[in-house]
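Student: Have a look at the structure that comes next, please.
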Amino acid sequence: MEKIRARLNIGSKAEPVKLRKRKSQLYSKEETCPLDNGVLGVTVFTVAFRLINCFLVQTSFVPDEYWQSLEIAHLMWTAGIRGFSYPLFFAAIYKILHFFTYDAVQLLVWLPRVVQALLSALADIKLYCLIQSLEHSDVAKWTYLCQLCSWFTWYCCTRTLTNTMETTLTTLALYYYPLPGSKTHSSTKYLILVALAVIVRPTALIVWLPLLVYHFWQEDNKLKLITHLCLPIGALTLGISTLIDCIFYGKWTLVQYNFLKFNVFHNVAEFYGSHPWHWYFTQGFVVVIGPHLPFFLYGCTLASKRYRIMLITIVWTVMVYSCLAHKEFRFIYPVLPFCMVFCGESLVNLRTWRRPAACALLVSNLVPALYTGLVHQRGTLDVMGHLQTLCDDRDPSTPPLPEVLFLMPCHSTPFYSHIHCPMKMRFLECPPDLTGDKRYVDEAERFFADPHHWLRTSFPYESMLPTHLVFFDVLEMELSAFLDRNRFMRSREIFHTHVPEGRVGKSVLVYQRH
């Protein structure tokens, strides 16, 4: 009987049952993306991918890529429209290179872009981690694929544009934003990142306004959110930014106010071109999202309620920018990562067609990504590499360094950041009119209206002429008489684009005076 009782454990105190610890992401309280779920591999791959991305983008996009970061655009900066905080980031990189005597031209050209590529990789990883914390791993995987294969992200994410940094900071802030069900949210961190984005580019507030309003609406302790987080973080970042600007401008300057005053209230941005109100809906957004468009539209019908605020943000941003006369593709770049969330949801729900659709998406993005990154508009960068060799090849016993005159639409090329040599260079300037003078005509317009007259008045004596001229091939016939008379001979022709337009030609020509 005792043996039976012992075997059945009757009358003895039962030991506590040990429960298996759940390892499911659903029950995880971690605020960061765990490395044991494949994120270490994702991190390594993403960094390698964006570095390859960086070196396979060898074309120019817009002048602001250089003239609002690596270079200083003259009148726009003296008027206090742009802040110095973002250029100071690159100045620090240059200073570090100079301190360690590694300030070679190639490092000066590529290191800022490599740093931006690494920041963009971090944003990609955070987007993946965010979706993995909100959804099952399949959604995170396909969202990550959509983000990496976006042709416009490939084209922009390694450039030194303020829009690129704005997009990077916006994506990082989204990771910490209190979306419903988010396990990674941190109001302090996301508000700091939003503040930095606004300092880099004040228009970042357009993207974040609906998100900030939504957070305020959902917050239980609204007074604490305002007094303990929003006001201190906003005041501190604005104060530091204003202090930096005042130091470099040498006077009291509030850049954010000047930016709104000139670009919105006085509509100075229209000086650089305007488009109809529907441009973003009919062309801009369609081009930026590219082959992802049908997946995005399908994903919008499938997405859960937690992503409704992201969809509202996308629509709001496109609508607000549509109200401004001056429009560019890059202005709506910050909402592109939001769109990828809906594209990922779309691919997951395609089920049997998922892999064929993903392959089609990859191939259809690969062509524009490689063409725009390696072929289209590369001449204005390649010519700077050619001009830099004029410094390297110069015999010390020869006369002073060459003098170069760029007869191109203003800011067509980068400047000393790609030369790193005390060569004298000049370009046609086109500062916007900040005085309201209706008769104002910038230097570039005066030149293209009558090139010969401008050259005669600018260089009345032959001894004043530069040693080299750089211009697009569309001007060659018109300048031929001037070139022959002053003994200029073509020394280099550099391919620029297959799609010449207006004052931008198919090739960039370099003429040298003999």
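Cβ from N, Cα, C; glycine included.
For reference, TrEMBL lists these features for the protein:
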- 84-102: transmembrane segment (TRANSMEM)
- 190-217: transmembrane segment (TRANSMEM)
- 229-250: transmembrane segment (TRANSMEM)
- 277-300: transmembrane segment (TRANSMEM)
- 307-325: transmembrane segment (TRANSMEM)
- 331-350: transmembrane segment (TRANSMEM)
Student: If I count Cβ-Cβ pairs under 8 A between the transmembrane segment (307-325) and each of 84-102, 190-217, 229-250, 277-300, 331-350, which range comes out on top?
Tutor: 331-350
Student: Under an 8 Å Cβ to Cβ limit, what residues of the same chain, 6 or more beyond the ends of the transmembrane segment (84-102), are close to it?
Tutor: 68-70, 72, 108, 111-112, 115, 160, 162, 165, 199-200, 240-241, 244-245, 247-249
Student: Taking residues 6+ outside the transmembrane segment (190-217), which of them lie with a CB under 8 Å of any CB in it?
Tutor: 83, 85-86, 162-163, 165-166, 169-170, 172-178, 225-226, 229-230, 233-234, 237-238, 241, 255-256, 259-260, 309, 312-313, 316-317, 320-321, 331, 334-335
